[in-house]
Amino acid sequence: MSYAMQLLIHRGDFCHGHTLIPLALRSLLRTLSSGPRVSHSLRESYQLLQLELPDEGESSPAQVKEAYLRMAKLYHPDSGAATADEVLFARVEEAYRAVLAHQSRLQSCGGSMEDEEEKVKGVAPQHRHYLSYEGVGSGTPSQRERQYRQFRVDRAVEQVLDYRQKEHETAAAAEGALVERDVRQRSRQIKVTQAVERLVEDLIQESMSRGDFRNLSGAGKPINKFEHNPYADPMTHNLNRILIDNGYQPPWIVTQRDIREDIAQIRERLLQGRARLVDPMNPREHAQWQQLCGVVADDLMKLNKTVDNFNLIAPMLTMQMVHFSLEREIDRAEKAAIQGRQERKRERVREWEEQRREREREREKRNQHSWQGGLLAWMQNLLK
């Protein structure tokens, strides 16, 4: 380095010397870095990529990339070649990174780090980006890509279902009053609908009694339940007809019916158990009630698992159910028990009033008979 400085000083042009000093330092550092400072592992990396060693010559980034792609075609596990070897391919990747890092260090002595990073990014291979797929799939890269896309779709659907189920459960737990109000509104709508249906049925029966439907072409013939559908496959049409004739029901309908029957039995058991206990309960009755609630809690846990299975096979999201809560069922049973006791109390009061009125009527009848008998006896005495 001192020799280079002497050469620059002997020229006697310090203005040009300021420009030539970085150039001399760059060439000197490149010579020093490519000489004795090359490690043994770096030499093995150059030899593995079949490139010239740093002390024998300089390889361009394009040559390094071409050598890496050539070796990747030979040893890549998904290449299908006879020389495919996962271990050797991993060593080739490490060698490629080491050579790139070495060349970037050489070039960074004369340029900015940002330009060198852009150059390294420009020569970085991009063919490995699609080979991960989170470990999903098998086969060729195109098959793994299709399998990964389907996996992402299934995962997104499961996340949407879980989110909506949690939203339903949160709304049902936080707004019990709104749920009860909705139940009352639905019951009112059902009553109105049933009233309209009864009215329509009465009008139909009245029209049939008058003979208004006797002029129809299909009068007296059974209704064809399986009309031909031009858009349906004949095989599917026949299979559906056979299943319906044999009483087949879809699994989600059977599961929904089982859930309704089970929750009705659980509620009836809670209501009967609470109705047998007085209010307030003594310690023995309180222990009996706690034991019954524990049994019902186990039944509700099993029922909620059935609800989860039903939500997975329900054809529409609006038909899905929320979990049944033990607290809500206990509250429902206590309210029903209180209402039942009040109804029985009012019934006893009505019976007592009816008995009292019956006794008064009998007393009036006896008084009337006794008055008539006394009057008759007085008249007989008078006639005598």
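Cβ atoms are placed via backbone N, Cα and C, with glycine included.
A quick note: this is a predicted structure, and the numbers were derived from the prediction, not measured.
Lifted from TrEMBL, the feature list:
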- 44-104: domain 'J' (DOMAIN)
- 338-366: region 'Disordered' (REGION)
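If you look at the region 'Disordered' (338-366), the same-chain residues 6 or more away from its ends with a CB under 8 A from one of its CBs are 271, 275, 279. Note on the domain 'J' (44-104): its mean pLDDT in the predicted model is 79. DSSP labels the residues of the domain 'J' (44-104) in these numbers: 39 helix, 0 strand, 22 coil.
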